[in-house]
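Listed features, source TrEMBL:
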REGION    1-57  region 'Disordered'
COMPBIAS  42-57  compositional bias 'Basic and acidic residues'
TRANSMEM  65-90  transmembrane segment
TRANSMEM  110-132  transmembrane segment
TRANSMEM  139-157  transmembrane segment
TRANSMEM  163-186  transmembrane segment
TRANSMEM  193-215  transmembrane segment
TRANSMEM  227-245  transmembrane segment
TRANSMEM  276-304  transmembrane segment
DOMAIN    281-509  domain 'Major facilitator superfamily (MFS) profile'
TRANSMEM  324-341  transmembrane segment
TRANSMEM  353-372  transmembrane segment
TRANSMEM  378-406  transmembrane segment
TRANSMEM  413-432  transmembrane segment
TRANSMEM  444-466  transmembrane segment
Amino acid sequence: MVPAREQPGAAMGTSEAPPPGPASAEGAALRGPGPSDDSEAAAEKVEVELAGPEPREPPEGGWGWLVMLAAMWCNGSVFGIQNSSGLLFVFMLQTFEFKDDDKMVFKTAWVSSLAMGMIFLCCPIASVFTDIIGCRKTAVVGAAVGFIGLMSSSFVSSIEPLYLTYGIIFACGCSFAYQPSLVILGHYFKKRLGLVNGIVTAGSSLFTILLPLLLKVLIKETNLFNTLRILCVFMFVLILAGFTYRPLDSNAKDKESESSRFSLFSRKKLSPPKKLFNFSIFKVTAYAVWAVGIPVALFGYFVPYVHLMKHVNETFQEEKNKEVVLMSIGITSGVGRLLFGRIADYVPGVKKVYLQVLSFFFIGLMSMMIPLCRVFGALVAVCLIMGLFDGCFISIMAPIAFALVGAQDVSQAIGFLLGLMSIPMTIGPPLAGLLRDKLGSYNVAFYLAGVPPLIGGAVLCFIPWIHDKKQREIQKTAGGEKMEKMLGNQNSLLSSSSEIFKKESDSVI
């Protein structure tokens, strides 16, 4: 073995016999009970093993492109159906409406609202399953449950069973299929994560554009129930897409440690267990503010998606192609996801939050302008702008989560956020339906729907300042601890050396 070049105090702890001569005594003295490089290296090795293997660098392509397409189909099939709920809402009213029931709008709104809320409410649980059994199994099982729920919805005879089959079973399955699609992208992409997220989330925009046309034809040619059965095809393809979420192979360091398992056989036993619900991420102040500001902004977010078509039918009765308003949102939402997803790659770290602030400002403003549009063309223009900034908000959620908590905790960070988002997104549309039933129009409902995004956007403005302040504190503390550790090591070396020389002098005497 070629001996390493000696450093000051490096002779301590060496296992090789010293050369004969005067240096031998000195070497023997220095091999005393003081701290050694070998022991420090061993301690470092144990610490690394306890922390787990280093994450593999994302390949930035390869199989990841197929994963991206699968995740794109997931976003399209899940949120394309949900974003078309305004059209389904109208046909549900026509299918189940009773003339003596003056609260039918309120009751029917609960179906789509409950479905959207459950998708996000189940995300924290889906994130736990993603951590335990992996992205692939979670996505496949979720898509299968969604298929069962949607198929069951096509056999009901009244509105109430849809709360269970469509609003809970179908939505929960979609949640378990959707959440892994957010996490798996970070395994394959890092430098292009913003762009890839934009492409993936554009899937829902593409489906939002095409599904209203398809649903209109299907429902007229068949009926609501046969249309739901045809939509099950989308969920079946989603099951197949989930199989592409292949976990990455072990990196070289993992394989090397695998080959040395005889010397490190207890590594896995020493590894700390991963928490099922890692609530410690809320100790990250910037993330906690983000997890409050987003739900606040979303109390009115889903109202236009559910009630816009009903409002158009009441206000613009002579228009023939009323579904153009939903298509307009879908078209510009796709453009916004691609555009702002790419822009987010050039915006450093947490400052991406400012893009969400901008999006909430315009979404709130456009919601307030919907009742003011007396010309159909003006309403289409409002929907185009709303869709553009809706795409901005959606496409940069995952990159912001990675910037706030890091890759290790991003799964549960996104899961908790989506769970909190479920509350306002579930409550908002039924309240808007109740206001419509009581007041006879949607004007007040749309005015009020524009207020929460403005408030939530104002809250998000504080996140970059909070994050930067915390980072400075961490760097200052880390610098102090490093200096203290260095001084402690030097004092320990001096103390050990003095004890050794004292023993040697005592033995000479």
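The backbone N, Cα and C atoms fix where each Cβ goes, glycine too.
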For this session: With a Cβ cut-off under 8 Å, give me the same-chain residues at least six positions beyond the ends of the transmembrane segment (65-90) that come close to it.
Result: 108-109, 111-112, 115-116, 119, 139, 143, 146, 174, 177-178, 181-182, 184-185, 188-189, 196, 199-204, 206-208, 210-212, 215-216, 224, 231, 234-235, 237-238, 241-242, 244-246, 305-310, 313, 323, 326, 329-330
Seminar exercise, completed: Counting only residues at least 6 beyond its ends, the same-chain positions whose CB falls under 8 A of a CB in the transmembrane segment (413-432) are 106, 109-110, 112-114, 116-128, 130, 175, 179, 182-183, 281-282, 287, 290-292, 294-296, 298-303, 305-307, 397-398, 401, 404-405, 442, 445-446, 448-449, 452
For this session: Might you confirm whether the transmembrane segment (163-186) is in contact with the transmembrane segment (276-304), defined here as three or more C-beta pairs under 8 A between residues 6 or more apart in sequence?
Result: no
Problem set entry | Beyond the flanks of the transmembrane segment (324-341) by at least 6 residues, Cβ under 8 Å | 83-84, 86-87, 194-199, 201-202, 204-209, 212-213, 304-305, 308-309, 312, 355, 359, 379-380, 383-392, 394-396
For this session: Find the average pLDDT over the domain 'Major facilitator superfamily (MFS) profile' (281-509) in the predicted model and report it.
Result: 82
Problem set entry | Residues of the parent chain within Cβ reach of the transmembrane segment (163-186), under 8 Å, 6 or more residues beyond its termini | 58, 64, 67-68, 70-71, 74-75, 78, 82, 110-112, 114-123, 126-127, 129-130, 135-136, 138-139, 141-150, 152-153, 156, 193, 196-197, 200, 235, 238, 242, 245, 397-398, 402, 407, 410-411, 414-415, 418
Seminar exercise, completed: Relative to the transmembrane segment (139-157), the stretch among 110-132, 227-245, 444-466 with the most Cβ pairs under 8 Å is 227-245
